[in-house]
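Going by TrEMBL, these are the annotated features:
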type	residues	note
DOMAIN	41-152	domain 'ATPase V1 complex subunit H C-terminal'
Amino acid sequence: MVDLGLPQIVQSLKAQAWSDEDLLDALSQLEEGLRDNIKRLSSFDKYKQEVLRGHLDWSPMHKDPIFWRENIMSFEENNFQILRVLITILDSSSDPRTLAVACFDLSQFIQCHPAGRVIVADLKAKERVMKLLNHENAEVTKNALLCIQRLFLGAKYASFLQA
């Protein structure tokens, strides 16, 4: 339901002028339930498992700004293990969706972590992402470009870039 955009639909419906109080209550309950499910689905442990498996998909946590804000310092665990695995995925995976999500996640790390740009550069990710700019899949190319833009510009100047 979350992947299909139900939270946005519920918010849109709530914004309309409804005279039925029961309907408004039901929409509020649905919105709260969806919010709780998104939090459960967005835990860093689930993210970590997904990255360590090496197969990434557009689950809610990847695009949730709250997930990134709340968990950005968790990436520092074990000498940036998860970040290193993400970078390794850029070389080892042939799945376009996994590559696109890995590039997007790297760009999110660059934007959200105070030293993200420097850390990603030190881990030699730039060359790996640059190779993906010529990928045959448009989604991979788009997210590789976003990552490179954020890497070159840094969070301060790249905050206007949208995925």
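Positions of Cβ are set from backbone N, Cα and C atoms, glycine also.
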Given the model, what does the mean pLDDT over the domain 'ATPase V1 complex subunit H C-terminal' (41-152) come out as?
93
Within the domain 'ATPase V1 complex subunit H C-terminal' (41-152), how many residues are helix, strand or coil going by DSSP?
92 helix, 0 strand, 20 coil
